[in-house]
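J.: One structure is given below, represented as structure tokens, and several questions about it will come after.
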Amino acid sequence: MDRQKEFVLRTLEERDIRFVRLWFTDVLGYLKSVAIAPAELEGAFEEGIGFDGSSIEGFARVFESDTVARPDPSTFQVLPWKTSDGNHYSARMFCDITMPDGSPSWADSRHVLRRQLAKASDLGFTCYVHPEIEFFLLKPGPNDGTPPEPADNGGYFDQAVHDAAPNFRRHAIEALEQMGISVEFSHHEGAPGQQEIDLRYADALSMADNVMTFRYLVKEVALADGVRASFMPKPFAEHPGSAMHTHMSLFEGDTNAFHSPDDPLQLSDVAKSFIAGILEHANEISAVTNQWVNSYKRLVHGGEAPTAASWGAANRSALVRVPMYTPHKVSSRRVEVRSPDSACNPYLTFAVLLAAGLRGVEKGYVLGPQAEDNVWSLTQEERRAMGYRELPTSLGNALESMENSELVAEALGEHVFDYFLRNKRSEWENYRSHVTPYELKNYLSL
């Protein structure tokens, strides 16, 4: 048994851990969990925990449903609150999902990302990610379609001390840091009730695990503070939606491969081709980075979200932004992709972003001129004249772009690609057939 497994088993005994929760993520990004007693963990390390894969979204067909969850000891952390008896703690580990013969399950989101990271490694790169995660705090209420009510009336950077949960961010950050997740900073975002917590850089797989842990902890802390948290991309028509702006960089050993001292923006050829790859394939990957019908209510003109495939230095109206806070700090050279929302599957999102960027690097894509104007204010004719391709305006548009994409099919693997398309087509058709209050209000008198 290796040292990490021995450390986990020893910690369970020393901390008197009562339950071990084994986590994994389905294809749509929902967190799944099975709890085992500490005495069962050594066996789980050796043989895994079997479960019915046909009962998990996108995993397996009923006639080939035996699936195994194998805990990854490197992800072991003690949860930051006690069990219901008030005397014990629980711990959690993420799992890799395999078939009974030990081969990776093609439906495992972690495996999808691992394959892209292995490709980056073959090219000599390690991928690091830093997300800005936005979400809303709402007052308690039914989940029946009733319009939600924000927990406060604050705005951008406001010190909202009179809200319904004045200590929420402090409580959330304390919980995150107890789980080994480093927070860079936090603040109130632009809309009432909207919060942002930025996680410090980590390798892409660890960060995807961190994002799943983040969403779980934030919801639990919110409930404890008497409010509820929502990662819905656009819960309020009149306010900006919730993004997960994703900062990415590639390193070669300890060297930032995105940095070049000879460029005016200090961007290397690798960085420029990486950006060009994301711009070229932006429409194809949109259904993954923005996977819900509601996601496209956020990606609208004037919504503080990208609507065209453009890039720029410090330009927040562009799809890809090059942050210029510290222009002479080599280690911080990075690109920020502004389209993903905080309700995406982070494993699949990081995988397709990396696949698009690496395609640009491998093929030597040439980056066009940067956007120096406010892209939101340009007409469609002006955008076309400048070479800015419109991003999908609906989930239906995004699926049309995705279904013929060799890049996305290769990045996700045939199983996840086919299931994702089937599931999302069903979601889109269900939405298209739904008659909304807007239609009744405006058209019933016809």
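The backbone N, Cα and C atoms fix where each Cβ goes, glycine too.
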J.: Record says HIS245, GLU336 bind Mg(2+) 1. Source is Swiss-Prot. Which of GLU47, GLU57, GLU132 does it list for that same site?
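T.: The record-listed residue among the candidates is GLU132.
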J.: Would you identify which residue of ARG215, ARG333, ARG334, ARG338 Swiss-Prot lists as part of the L-glutamate site it also attributes to GLY241, ARG298, GLU304, ARG316?
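T.: Only hit among ARG215, ARG333, ARG334, ARG338 in Swiss-Prot's L-glutamate site, alongside GLY241, ARG298, GLU304, ARG316: ARG338.
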J.: Given that Swiss-Prot annotates GLU189, GLU196 as binding Mg(2+) 2, state which candidate in GLU134, GLU149, GLU238, GLU252 belongs to that site as well.
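T.: The record-listed residue among the candidates is GLU134.
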J.: Using ARG298 (L-glutamate binding site) as the reference point, find which of the binding-site residues GLU132, GLU134, GLU189, GLU196, ARG316 has the shortest Cα-to-Cα distance to it.
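T.: That would be GLU134, nearest by Cα distance.
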J.: Would you mind pulling the longest C-alpha to C-alpha span across GLY241, ARG298, GLU304, ARG316, ARG338, which the record has binding L-glutamate, in angstrom?
T.: 15
J.: Using C-alpha positions only, work out which of the binding-site residues GLU132, GLU134, GLU189 is nearest to ARG321 (ATP binding site).
T.: GLU132
J.: Sort the binding-site residues GLY241, HIS247, ARG316 by C-alpha distance from GLU134 (Mg(2+) 2 binding site) and give me just the closest.
T.: GLY241
J.: Cα-Cα separation of GLU132 (Mg(2+) 1 binding site) and GLU196 (Mg(2+) 2 binding site), in Å?
T.: 7
J.: How big is the Cα-to-Cα gap, in Å, between MET248 (ATP binding site) and GLU336 (Mg(2+) 1 binding site)?
T.: 6
J.: Pick the one among the binding-site residues GLU132, GLU134, GLU196 whose Cβ has the fewest other Cβ atoms within 10 Å in this structure.
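T.: If we count Cβ atoms within 10 Å for the binding-site residues GLU132, GLU134, GLU196, the smallest count is at GLU132.
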